[in-house]
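So the structure is just underneath, and the comments pick up after that.
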Amino acid sequence: MLTYYIVGNRSSKTFKPKKNIPEGSHQYELLKHAEATLGSGNLRMAVMLPDGEDLNEWVAVNTVDFFNQINMLYGTITDFCTEERCPVMSAGPKYEYHWADGTNIKKPIKCSAPKYIDYLMTWVQDQLDDETLFPSKIGVPFRRNFMSVAKTILKRLFRVYAHIYHEHFDSVMQLQEEAHLNTSFKHFIFFVQEFNLIDRKELVPLQELIDKLTTKDR
């Protein structure tokens with residue numbers, strides 16, 4: 001089911017409901033800090049851990065933000081990403097993803113891209129809604145396995161970017177969303193590089209683009 005929310009001055013379609021960070025919470029303040037530093041245009045600086053802040057909390061806030069960004073970006077191209085057009089979840093001819101979450105689906109299954117992305121975004125949503133994993137209250141500690149779960153979330157979210165770039169970039173250009181997609185992906189890559197959150201081998205389907213987007217900022 002598609003939902004809508006306002007971004008800037010335009011109404012945007014999202015694939016899943018937007019995940020909100022409670023206003024007034026410390027995480028909300030961190031999100032505002034992230035948005036303010038992003039506005040400076042220096043993405044390398046924007047992703048750095050702010051002085052005195054907890055790394056888990058910073059990763060949590062940004063993971064929620066990336067979920068919302070990808071949710072919206074994929075929401076713009078759902079009309080083009082159909083069972084017929086995308087019968088497998090791929091990122092170009094060399095890379096195909098099969099879905100398993102280790103709980104409901106233990107053995108990886110081959111499925112269409114829209115089905116895979118639905119499974120993926122629902123799974124991410126469930127993790128973000130779990131207060132024991134992503135605590136929203138001040139003083140509630142993060143679980144020991146938090147970073148491991150966050151890495152899995154980000155690795156899987158990367159696959160949505162990879163699918164959009166490889167299979168739907170023409171549609172993105174037609175919708176004049178390419179600048180938005182490129183900025184979002186560049187922010188995502190700088191963040192995961194800064195804290196070493198995704199193995200290099202997982203990034204291979206978009207390595208050429210990553211090199212292009214990041215070289216001039218080194």
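If you go along the chain as it appears here, the first residue is 1 and each next one adds 1.
A Cβ is built for glycine as well, from the same backbone N, Cα and C atoms used for every other residue.
Per TrEMBL, these features apply:
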BINDING   C81, C86, H163, H168  Zn(2+) binding site
Cβ-centroid neighbourhood (8 Å) of the Zn(2+) site, C81, C86, H163, H168 excluded: I77, F80, R85, A113, P114, I117, I164, E167
Packing count at H163 (Zn(2+) binding site) (other Cβ atoms within 10 Å of its Cβ): 25
Number of other Cβ atoms within 10 Å of the Cβ of H168 (Zn(2+) binding site) across all protein chains: 23
